[in-house]
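> Got a structure for you, questions after.
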Amino acid sequence: MSKSVVIAEKPSVARDIARVLKCDKKGNGYLEGSKYIVTWALGHLVTLADPESYDVKYKKWNLEDLPMLPERLKLTVIKQTGKQFNAVKSQLLRKDVNEIIVATDAGREGELVARWIIDKVKLNKPIKRLWISSVTDKAIKDGFANLKPGKAYDNLYASAVARSEADWYIGLNATRALTTRFNAQLNCGRVQTPTVAMIASREDEIKNFKAQTYYGIEAQTMEKLKLTWQDANGNSRSFNKEKIDGIVKRLDKQNATVVEIDKKQKKSFSPGLYDLTELQRDANKKFGYSAKETLNIMQKLYEQHKVLTYPRTDSRYISSDIVGTLPERLKACGVGEYRPFAHKVLQKPIKPNKSFVDDSKVSDHHAIIPTEGYVNFSAFTDKERKIYDLVVKRFLAVLFPAFEYEQLTLRTKVGNETFIARGKTILHAGWKEVYENRFEDDDVTDDVKEQLLPHIEKGDTLAVKLIMQTSGQTKAPARFNEATLLSAMENPTKYMDTQNKQLADTLKSTGGLGTVATRADIIDKLFNSFLIEKRGKDIHITSKGRQLLDLVPEELKSPTLTGEWEQKLEAIAKGKLKKEVFISEMKNYTKEIVSEIKSSDKKYKHDNISTKSCPDCGKPMLEVNGKKGKMLVCQDRECGHRKNVSRTTNARCPQCKKKLELRGEGAGQIFACKCGYREKLSTFQERRKKESGNKADKRDVQKYMKQQNKEEEPLNNPFAEALKKLKFD
């Protein structure tokens with residue numbers, strides 16, 4: 001009897017699919033049943049070959065050998081996961097296998113994971129596609145009942161290959177050219193370089209900003225009501241101090257007369273459902289989680305706990321076919337503190353509306369929402385619980401009615417000047433009930449603060465107790481943090497000085513810099529390359545980042561190019577552009593970049609040389625700020641030696657509760673805090689043992705410390721090997 005091989009992206013998903021398909025016979029890297037063989041990748045098992053596989057001369061980095069432009073790029077098996085590749089290959093080549101089912105993540109990168117394996121094996125068997133947004137048993141069963149022909153995703157695969165090959169041609173050539181020309185470990189890319197340029201531009205704005213003092217007037221009545229002055233245009237601020245002084249002097253000892261009471265009933269609707277970027281922004285603002293950390297937590301909630309849908313989505317809407325599943329999802333997530341809210345929604349039929357249901361705004365995947373799967377909070381970590389809470393509350397809020405309130409604006413005259421006061425009466429809490437009325441709109445910046453207004457009629461006279469001048473200073477633009485940088489990458493036109501409407505529309509339609517699936521990795525790479533650094537929550541550009549922008553070709557710094565390329569990749573995915581045409585353009589562009597770098601007469605200056613010498617080659621070490629602390633890195637890119645000097649941990653200072661920094665090596669390591677607190681590692685171990693009731697041994701503490709320095713990386717990404725060899729520092 002013939003069988004079908006199912007290729008999943010990860011072992012955990014493979015196990016779930018195998019259980020549903022009753023594949024319980026364990027083999028070497030696969031699970032088998034009567035009809036199906038389920039095997040798995042580990043992220044990417046296959047990637048584009050290194051330059052040296054085309055010509056041995058590319059083993060050495062020489063400027064004169066550039067650009068490297070092989071006619072066709074070859075595929076190679078990633079060394080670390082070669083064993084699993086062979087396991088998958090042996091199943092694909094079985095004579096009793098007549099069909100392949102691609103069950104990797106439903107998206108461009110997932111398509112690439114499976115198709116590259118199939119291409120490398122040189123297989124010519126029919127392909128079908130499983131395309132699902134959650135990995136619950138129901139979703140898997142429904143997906144297998146509605147398998148799509150593999151040919152329907154050929155263009156998506158072509159687009160994924162085009163993106164990867166473009167990054168190979170441009171990324172590897174530009175990086176080698178910069179590094180060899182300027183004798184420094186420099187790397188650039190079509191997304192990361194414009195991102196660094198935006199950070200630099202924001203720092204320039206801050207540096208050039210000159211604060212101005214502005215003035216206003218506030219009147220206080222005997223009833224402790226605060227009235228705010230407004231000019232004829234409704235402005236409550238003026239840069240003319242003399243004008244404000246004159247008004248204050250003129251109005252002294254005058255009372256206020258109520259000339260108008262404006263009552264308006266208003267509604268505000270819940271913010272939309274989460275896509276990945278919006279969730280990463282909120283998690284950073286509320287909990288300080290990095291974009292990468294949030295994505296990793298979401299992956300666990302999706303794959304391991306199966307309580308949330310596919311995370312790498314760029315849609316904030318659900319499609320109409322999902323509406324019928326909402327009651328089951330509400331029952332599943334409506335436990336514990338969410339029970340009363342879910343119960344309330346289920347009392348009436350759910351009325352879908354365009355604020356959260358829109359087929360035209362859902363492409364590959366709908367918004368992140370709860371699944372119909374059972375929720376076991378005791379299995380969640382604290383971080384998983386917090387991310388789950390964000391998603392469920394937003395899901396419930398969208399299904400609740402609007403927040404309704406009556407806004408009262410009191411307009412008074414003091415002399416011939418206008419003063420106003422505002423108040424709000426809540427008529428119906430609506431969706432804010434889910435947030436216990438604590439949800440605040442970040443965009444509210446009105447000078448006129450809402451207050452509790454006494455009962456007042458038009459024509460009433462209010463005795464003014466005090467009239468005084470107020471003042472403040474204009475603020476410089478805020479530095480980027482991870483939340484605001486994600487916003488900037490999603491909509492870079494807001495941070496660009498461009499009059500080109502077509503360019504702005506292109507960037508908007510292509511989703512900005514990077515994709516929801518890649519932005520977290522891009523930000524992480526910028527930290528690890530020491531092009532940017534964190535100071536507190538703020539992101540600063542480093543000297544290395546500044547110099548890189550001065551050395552790279554101008555076009556690479558602008559989001560324009562990325563926007564145009566993303567548009568073309570989208571056209572390939574839709575079958576409107578041939579991959580070969582795009583790659584030909586990329587090769588020509590690579591030639592231009594390399595030529596420009598070669599002819600540059602600029603120099604790179606290391607301004608972070610330490611007094612330490614490299615233990616491997618004896619050259620000076622560079623002191624850099626990594627994402628998690630200070631590091632020493634060898635100046636020689638060929639050597640690549642690096643070591644940690646200090647790192648920020650999750651251990652908290654017993655005095656001020658801030659995160660402690662771990663400095664030094666071995667038994668001499670010491671915890672240090674900005675408040676001045678110091679503690680030896682051995683003392684910390686003893687204290688932790690006591691705090692845990694003498695249950696923690698030295699091994700537990702070492703495990704805890706190891707966890708602080710652990711980065712949860714994807715199992716493999718397509719350029720892991722290549723990038724490692726490039727020694728991006």
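Using the three backbone atoms N, Cα and C, a Cβ is placed for every residue, glycine included.
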> According to Swiss-Prot, which stretch among 187-192, 433-438, 649-654, 679-684 corresponds to the feature region 'Interaction with DNA'?
187-192
> Using DSSP, would you call Trp168 (site 'Interaction with DNA') helix, strand or coil?
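The three-state answer is helix.
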> So if I exclude everything within five residues of the ends of the region 'Interaction with DNA' (187-192), which remaining residues of that chain have a CB under 8 angstroms from its CBs? That is, six or more out.
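Cβ under 8 Å, 6 or more out: 166-167, 170-171, 174-175, 178-179, 513-514, 518, 522, 525-526, 529, 531, 548, 552, 556, 561-562, 565, 726, 728.
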> May I ask which of the recorded positions Trp168, Arg176, Tyr310 is closest to Asp105 (Mg(2+) binding site) if we compare their C-alpha atoms?
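Sorting the recorded positions by distance from Asp105 (Mg(2+) binding site), the top entry is Tyr310.
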> Within its own chain, what residues at least 6 apart in sequence put their Cβ under 8 Å from the Cβ of Arg312 (site 'Interaction with DNA'), listed in sequence order?
Asp105, Gly107, Leu276, Leu295, His365, Val516, Ala517
> Sorry to bug you, but what's the C-alpha spacing from Glu9 (Mg(2+) binding site) to Tyr310 (active site, O-(5'-phospho-DNA)-tyrosine intermediate), rounded to the closest Å?
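That comes out at 13 Å between the alpha carbons.
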> Measuring Cα to Cα, tell me the gap between Arg176 (site 'Interaction with DNA') and Trp61 (site 'Interaction with DNA') in whole angstrom.
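Arg176 (site 'Interaction with DNA') to Trp61 (site 'Interaction with DNA'), Cα-Cα distance: 7 Å.
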> With every protein chain in view, what's the tally of Cβ atoms within 10 Å of the Cβ of Trp61 (site 'Interaction with DNA'), excluding that atom itself?
16
